[in-house]
Structure formats: C-alpha cells, structure tokens
C-alpha cells in the first residue's frame with residue numbers, strides 16, 4: 001500500500017493539533033505521527049521572538065527620533081532646508097533605525113511564520129553588521145593617527161557651521177560645557193566663524209558661544225546667553241577670566257583615551273547581543289529543518 005505524507009507548517013509541530021489533523025486525514029491512508037519539538041526548542045523560539053520584538057521597538061524609536069529631528073528644523077524662507085540632507089546628522093539616526101527595524105522585523109516574522117528565507121536573511125544581516133563592527137574596530141586601532149586628523153576636521157566643521165545646524169550647535173555646546181573648553185585649540189578659533197568674526201555685522205561679532213564661559217549662569221541660576229559677547233576683542237588675561245582658554249581638541253582626545261575601556265566594553269556587549277540573537281535564530285532554523293526532514 002502506498003504511503004503518502006502530508007506537509008504541515010512548523011507551528012503545528014507542537015503536539016496541540018493532533019486531533020484536528022487526524023480528523024482531516026484520509027482514513028484509508030497511513031500517516032506517521034507528527035514530530036514534536038522539545039521544551040527547550042519552544043523556549044528558544046519564544047525568546048527569539050521577544051528578542052527581535054524588543055529590538056524592533058528600539059529601531060522604530062531611533063527612526064522616529066531621526067525623522068522628528070529632520071522635520072523639526074525650520075526651513076529657509078524659500079522653502080529649502082537650511083542643512084543639506086546628505087550632511088544632516090539626523091540622517092544617521094534614520095538609517096540606523098530603519099536598518100534595525102527591517103532586520104528585527106524579519107527575525108520576528110521568520111520566527112512566528114517559521115520561514116527559513118526570513119531567518120536566513122536575518123542571520124546574514126546580523127553577521128554582516130557584526131563583521132562591519134569588528135572591522136571598524138580593527139581599523140580604528142590601526143589608524144589612530146588618521147582618526148585624530150578626522151576628529152580635528154570634524155571639530156573644525158562643527159565650529160564653522162555652528163549657527164547653521166541646530167544639531168551641531170547642540171553637540172558643540174555640550175562638548176564645550178562638559179569638557180570646559182572653547183574652540184579647536186583655543187578660544188581664538190571662533191574668529192574663523194563668520195558670525196563670531198570681529199568683522200561680522202551682528203551682535204555676536206567678536207564673541208564666543210555662551211558654552212565657552214566659565215560662569216554661564218547669571219546670579220547662579222539664570223542662563224546668560226551674552227556672557228561671551230566681545231571676548232575676542234579683549235586681551236588674553238581679561239578673556240581667560242571670562243571663558244575657558246583651552247581648546248576642545250586636546251580635551252576631547254584625553255576624554256576618549258580615558259573612556260577607551262568603556263567604549264571597548266560597550267562594543268563587545270553589542271557584538272555579544274547580536275551573537276545571542278543569531279544563535280537563537282540559528283537554533284530555530286535548525287529545528288525547522290530537522291522537523292521537515294523527519295516529517
């Protein structure tokens with residue numbers, strides 16, 4: 001007598017639908033018992049779904065922050081954006097959030113629907129991201145001198161575009177305020193900014209941002225946005241009494257050297273998190289393949 005096998009989805013191999021499957025089968029044909037998954041396989045499957053769901057929500061949050069940051073910038077009178085799209089820092093949030101959301105969604109759907117195609121896509125994307133992170137870390141170690149030059153160029157760009165990009169303005173103010181520094185090498189570097197140059201027509205001419213001030217608060221509580229006005233026109237001694245004289249290049253490099261251990265630990269934790277997600281997806285994919293082979 002011929003034996004015919006009936007293909008069932010992976011989600012039905014948990015032993016809960018035996019009665020329904022038996023009712024649908026042809027009584028004249030012999031069917032083998034459906035293979036059952038172990039409790040550990042069920043646990044891994046649920047954990048993989050929750051794991052990907054968590055990162056899906058995180059990716060959507062990062063994407064929303066990036067989109068909000070790009071839309072919140074007021075356009076110019078002609079309707080054009082004040083910051084080119086390609087150089088907008090918020091574009092990094094959009095791309096990172098979009099990539100994390102797509103990969104995590106593939107992991108969620110691949111786990112729920114038992115789709116080998118989606119799970120393989122998820123595994124490939126996670127391995128690609130992990131490989132790029134490891135490669136980037138090695139390049140940073142091998143090209144530390146070039147990284148220092150790139151950091152200098154980035155700080156100079158932030159200094160020149162301070163008034164044009166709200167994100168860069170916020171970043172520069174936070175760095176100068178937290179590291180107690182001003183400018184690239186000294187507070188005199190703000191002369192290269194067209195708005196703070198002494199020949200500029202505005203009220204900020206010959207001044208520096210308020211984040212450079214040693215005491216940016218008036219009466220100890222009210223922020224004083226004008227504490228840096230006219231500093232570039234003062235003598236060195238008078239200016240040092242009002243603003244931080246040291247530049248941010250050396251201060252930021254020293255801070256990065258001090259945080260090297262924390263940065264390495266964070267990068268290692270990120271790679272381990274991705275490895276755990278990949279291992280769970282690999283286990284689910286292996287269960288799907290084994291169940292289909294037995295069935």
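Cβ atoms here come from the backbone N, Cα and C positions, even for glycine.
Taking TrEMBL as the reference, the stretch among 20-45, 46-71 described by the feature transmembrane segment is residues 46-71. The stretch that TrEMBL tags with transmembrane segment, taken from the ranges 118-142, 143-167, is 118-142. Checked against TrEMBL, the range among 1-28, 85-112 recorded as region 'Disordered' is 1-28.
The disulfide-bonded residues considered are 182, 198; of these, 198 has the fewest other C-beta atoms within 10 angstroms of its C-beta.
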